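Below is one structure; the comments refer to it alone.
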Amino acid sequence: MSGDILQRLSTLNLNIKHLNLLPHLPRLIPSSLPSPSPTVAASQVPTLFQEPYILSGYRPLKQDWRCYLLSLFQKHNESLNVWTHLLAGPVLLLRWWANVGALGYTLDASSLPLTLFLVSSLTYQFLSVTAHLLQSHSEHAHYFFFFMDYVGVAVYQYGCSLGHYFYASELGWRESYVGLMFLPGAAFFGWLSCAGCCFAKSRYRRPYPLQRKICQLIPTTLAYILDISPIVHRLFTISWTQEPSLHFHALQIASFLLSALFFSFPIPERFFPGLCDFVGHGHQIFHVFLSMCTVFQLEALFQDYARRRDTIVEVFGERQLWWACVSFPALFLCCTLTALLTMSHVSKQLQGKQGRDK
Ligand SMILES: [Zn+2]
């Protein structure tokens, strides 16, 4: 018994000794991890990294990779680009669990498109966070992570298309030419928007010509027009009072259009150069509206799924559901290969440039 008490006292003594070490922990952590260098002005980074009207807050290149990871807690001009999508993921998951509790969910053929929509949303958010957090390491890293960001966008577009087609489309629209060609068309335009963005980024240098925006925006816009067509058809043909999900669909379209506006034009920083470097530039606002669009989509699709889940397999057939869902990883793979191929081309260009600079 006394031995047991002595044992406990010595353990307690040991724990108190450990507690005494706690105030020294902050000193121990910086010694084991590198700390990110202070941010610099636009003129101190290569033109590839300079954003229009953003004059300061750039992270210096060629730091240890861990500095860019730790820059999550540093104030720089990409901080809010990272945090807006980093926080959108948990919000999406919380809304997912709330809807699972309220409306019910079973993992089977009828819920596969809904699951893939969630996977695609989390994928684009994760790849966007990675791109904005790590791209400042080098020119090579900048291209690689932004090409992967474009893969995320294409995958998300296709995830939305699956959700819109299986849960939100009307029979009349599915029997139209657009409806019949919808899924292969959505996969093709998803891939094309990834390929167009990769090509434009690898081909054009700052100051960017109009052709770059055309290469990026035309395939992305065509993909969006097709992906949203079943929703637009339903918004104009079904009474909104009958189906509450239509309010969320209207909100997802409004949020997306606002996000597209802030993606396409450098506002408000164009009118206040240097004042929006850390907070309030257009890309951050684009991220916020895109995240809102995704949350509204989730709400709408969950309601549509809950209303139609008993008839989905009967209407579409289990085989079509599985085929559509097999095409999802296939598109992911095609887009990743396209990004890697473009990256190998860019790597050769960068190596040639380094050779000339020496
Ligand atoms: Zn972004």
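Using N, Cα and C of the backbone, Cβ positions are placed for all residues, glycine too.
Curation plays no part in TrEMBL annotations; they are all automatic predictions.
Not measured: the values here are computed from a predicted model.
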Of His132, His137, which one shares the Zn(2+) site with His283, His287 in TrEMBL? His132
Same chain, 6+ residues apart, C-beta under 8 Å of the C-beta of His283 (Zn(2+) binding site), given in sequence order: Glu51, Asn81, Phe262, Phe263
Sequence gap of 6 or more, Cβ distance under 8 Å: name the residues on the same chain that satisfy this around His287 (Zn(2+) binding site), in order along the sequence. Leu80, Asn81, Thr84, His85, Ala88, Ser128, Ser259
Which sequence-distant residues neighbour the transmembrane segment (179-200)? Criterion: at least 6 residues beyond either end, Cβ under 8 Å. 147, 150-151, 153-155, 157-158, 161-162, 165, 169, 173, 211-213, 215-216, 218-220, 222-223, 226-227, 229-230, 324, 327, 330-331, 334-335, 338-339, 342
If you count the other CB atoms within 10 A of the CB of His132 (Zn(2+) binding site), including all protein chains displayed, you should get 24
Identify all same-chain residues not among His132, His283, His287 whose C-beta atom falls within 8 angstroms of the centroid of the Zn(2+) site's C-beta atoms; report them in sequence order. Glu78, Leu80, Asn81, Val82, Thr84, His85, Ser128, Gln284, Phe286
